[in-house]
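Visitor: As listed in Swiss-Prot for this protein:
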- CYS169: active site, for beta-ketoacyl synthase activity (ACT_SITE)
- HIS309: active site, for beta-ketoacyl synthase activity (ACT_SITE)
- HIS346: active site, for beta-ketoacyl synthase activity (ACT_SITE)
- 2-416: domain 'Ketosynthase family 3 (KS3)' (DOMAIN)
Amino acid sequence: MTRRVVITGVGVRAPGGSGTKEFWDLLTAGRTATRPISFFDASPFRSRIAGEIDFDAVAEGFSPREVRRMDRATQFAVACTRDALADSGLDTGALDPSRIGVALGSAVASATSLENEYLVMSDSGREWLVDPAHLSPMMFDYLSPGVMPAEVAWAAGAEGPVTMVSDGCTSGLDSVGYAVQGTREGSADVVVAGAADTPVSPIVVACFDAIKATTPRNDDPAHASRPFDGTRNGFVLAEGAAMFVLEEYEAAQRRGAHIYAEVGGYATRSQAYHMTGLKKDGREMAESIRAALDEARLDRTAVDYVNAHGSGTKQNDRHETAAFKRSLGEHAYAVPVSSIKSMGGHSLGAIGSIEIAASVLAIEHNVVPPTANLHTPDPECDLDYVPLTAREQRVDTVLTVGSGFGGFQSAMVLHRPEEAA
């Protein structure tokens, strides 16, 4: 019999919301946390706004040695891991460490630290300084994405399977999906899974400027992210992280754990079509949705809330709307759909995990977060996108989806354990 997998611990760092309470308060208030970039002089760029996080590593309990050793994204992942473990009440010291695994996602990993090291080594780009004295001894840690899950494993006391997932904006959803698959198959009893990204740096901002994917609405940062709105013109870049404790359902029950949700189904597909473009018909995302529902043994009408990718680009939101109609049929018009990127921006590889956190909290509190800044509906996005105001309703089952550059399309079904077939 396939083992059931549940989420028993959550840790979040998101713009405007560090910790599950602050994060959920932000979402349910429909409050935005996007602002002018403060990390560097962004005046030369087309898009000069972001979802930044006020994060003090020392105040978060990191030692000076850890601060030196860990990149900012890694610090986010470890901070969320500590929170998730504390939230779960799981005593990892009492477990066989070889049965504890880690799955971590990130789209750009330590790109910001690599950029900083380049500036040091090149005298801000003027001259290449080959003297190793100019190079940080932490350079290898920044260069190797595998260091991020290694640090999480260290924090969790995990000596089981450790996986790094980097497939763009679906990384955070896929890392949890792969963790669930491994736990079901018996390769681990507990997996700490999630994602972290800190892409607010000149090189990453410039990358998205070059393809005009980010919004130039710099005069109105708080209202710049407008998923599904007819006036949307790109996403707002953000940083963030979310980590979860996943464990086998019966083990969680035996120890009296608080269960946020069961991961009923997960699926991913690739369009194999274009690096940044999307097919208009949404076929591959629709296939992921149907496969995730099939794995969860749930009919499409069981979905109470769809946590959309909703990036705020013209093509994504129309593509996604088509996918929902294709996979959910008439139920697509009845179920509430919203995008939390409207409030905190798009944290690339981390956003899938952050959206899982929002999904399990929606189940926990029976509230659907709104889509902020949705004032002018797009005729091609004609579903119920929960504009402006959160909605109280029974939420037993959530479908959360992700779409990433490269054509990756992923879907996950989360539900109350008692709703399992």
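Glycine residues also receive a Cβ, built from the backbone N, Cα and C atoms like all the rest.
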Visitor: Please work out the number of neighbouring Cβ atoms within 10 Å of the Cβ of HIS346 (active site, for beta-ketoacyl synthase activity), leaving out its own Cβ.
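Guide: For HIS346 (active site, for beta-ketoacyl synthase activity), the 10 Å Cβ neighbour count is 31.
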Visitor: What is the total of other Cβ atoms whose distance to the Cβ of CYS169 (active site, for beta-ketoacyl synthase activity) is within 10 Å?
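Guide: A 10 Å sphere around the Cβ of CYS169 (active site, for beta-ketoacyl synthase activity) contains 28 other Cβ atoms.
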Visitor: Can you work out the mean pLDDT of the predicted model over the domain 'Ketosynthase family 3 (KS3)' (2-416)?
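Guide: That stretch averages a pLDDT of 94.
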Visitor: Please report the distance from the Cα of HIS309 (active site, for beta-ketoacyl synthase activity) to the Cα of HIS346 (active site, for beta-ketoacyl synthase activity), rounded to the nearest angstrom.
Guide: 9
Visitor: Counting across all protein chains present, how many other Cβ atoms fall within 10 Å of the Cβ of HIS309 (active site, for beta-ketoacyl synthase activity)?
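Guide: By my count, 29.
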